[in-house]
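Copied from TrEMBL, the annotated features are:
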- 325: active site, proton donor (ACT_SITE)
- 457: active site (ACT_SITE)
- 581: active site, proton donor (ACT_SITE)
- 621: active site (ACT_SITE)
- 709: Ca(2+) binding site (BINDING)
- 168-177: compositional bias 'Polar residues' (COMPBIAS)
- 524-567: disulfide bond (DISULFID)
- 156-192: region 'Disordered' (REGION)
């Protein structure tokens, strides 16, 4: 029997486990001949030679798995219950697939020289699948499931590839009869000459197929296809070096241009602009400061930045600023720099000054902050464009910053305003833990869509992070997070016909909410956040560890991994390898986008005039989730995906004249047309998370730190204030 270690599981979770059944596929590549005495000593030590299987396969983390050779061309799995006529496993219940991970692994691999095979390395990949509750007819497994390359990745299963249900008609036409595996069908039972011919034929066919797909990658454009070669992943230190070069070049493109000191940078024209006509508030300089510190080798750049903050940065700016953006970028950046620079009081004093100037935004009847603030006059106002409503994210994404400022300054007022703003959400009426994206500062009423994209995302992020930041003392936020994730799983999770999982939106209708399969790039933070919610820090978990936890935690884990894969998919399946600002997922087979061979589309796409949905503006959410997933699992696939994304940024977004990076207007146009904007979060977040993805766990350990929504780094602390868990 072959024991499949749960750490190799990459799982797809249904919307409702009550209405779906799970299926599994295992892909095996050979490591060595276990029958060889030398290899037996290394790979099969302690095994009974009489029962030692012919092939020894190796999975990630050096776990060993054993299987037997059969003649089926597909890499298939036999569960304890048996086979169907095609040599593909029959349906299993969820409890069987999770609780009894014992399998016989069958492959058609023969002793032949072929690029598809190797005897010096191997891998086991397990894909968890789920199907619709309706009965499907038996369909053949496409050739893409054949053996290809020893470097292949996770093998996908589409709705056309899913195994036959046990109650489907057998090859003899008798309904409801489940066939067992017949060993007489295997080349092992045939005469040696016939068996060798069959094996040779299958191996040659598989190699030709692999060669065809190597030459014609568009023939199978699935992100997780085994057709796709693994990227040439550099050494950890080399990857960090390349990312640091991008950080340094991006910073110098700004700092060595006339834009120095400006809030925003336009890398093509090498100019800067400010958020108001009254002057700069250090938006760019402060936002990227802790990334400069994190590199550890940009001291000259750091000293220039510190000198600017000490001598030139003033918040006495007479103009209306977005309070939310000012808080997460500037206040958050100062607080993070204070800690990383060894408690440099320059940054704390600036943070106290800015925090004090921001306090008038909380002077509403409900404590919900107003959207805009004049830092010079102290006048706050609501957002006129939204009818006076504040956004959900604006109201609830200032808590980490103000609570940390309260702890450092010992000024209780900062703590109190942060907590008062949350009272509306602690006691307000939600939709299964979810709130509409607009909330009134005047009466606490809610309005508009429910979504985890723009204007809603970081409310959910800061629930679990407030709990973690306060050393798990504010348990009310853990409970609110759990309730919200239940609502996400029940009301927002969607699945395409071929199995991509996405987070949709709820739009209000006349009598109920209407589900819309729209996902902002911003939503891609959620996959990593769900894994962080499971580990609560630096704990590294295997799937077997998770399967012993409560069912809701298991669901969070599985959903988080699926969402990360889907977000990466929107990168891999675009022409540039970069994800769009907004994707709409297909919900019916006829919506499949044949021109791009993918299950998502860009709304109203026109290559001559692409919409804003088609842009990539250097956002961090996908690489943020890859970083958190790497820390939680140590699965190298997350580094591989991160490196691919970094290479795509380098290829398509770099402004060659300066080394800066710019947004692009259309991810499906090659070469892309650039926009003259390098967002501050490119250095502050995207490059920071990429740098940490290739760093050791000891660099900003998650058991000791939380990141604000702008990736600024705050230490975990036990609050010195009395906590009200009301």
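Each position is counted from 1, following the chain as shown.
Just so you know, glycine gets a Cβ as well, placed from its N, Cα and C.
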Quiz item: What residue among the active-site residues 325, 581, 621 has the most other CB atoms lying within 10 A of its CB?
Solution: 621
Quiz item: Relative to the Cβ of the residue listed as 'Ca(2+) binding site', which residues of the same chain, six or more apart in sequence, are found under 8 Å away?
Solution: 328, 397, 457, 458, 461, 462
Quiz item: Near residue 567 (disulfide bond), which of the active-site residues 325, 581, 621 can be found within 10 Å, Cα to Cα?
Solution: 621
Quiz item: Among all the protein chains here, how many other CB atoms are within 10 A of the CB of residue 567 (disulfide bond)?
Solution: 29
Quiz item: Of all the recorded positions given, namely 325, 524, 581, which is spatially nearest to residue 621 (active site) at the Cα level?
Solution: 524
Quiz item: Expressed to the nearest Å, what is the distance separating residue 524 (disulfide bond) and residue 581 (active site, proton donor) at their Cα atoms?
Solution: 11
Exercise. Other Cβ atoms within 10 Å is the metric here; tell me which of the recorded positions 457, 524 scores highest.
Key: 524
Self-check item: Distance [Cα-Cα, Å, rounded] between residue 581 (active site, proton donor) and residue 325 (active site, proton donor)
Solution: 19
Quiz item: Any idea what DSSP makes of residue 581 (active site, proton donor), helix, strand or coil?
Solution: coil
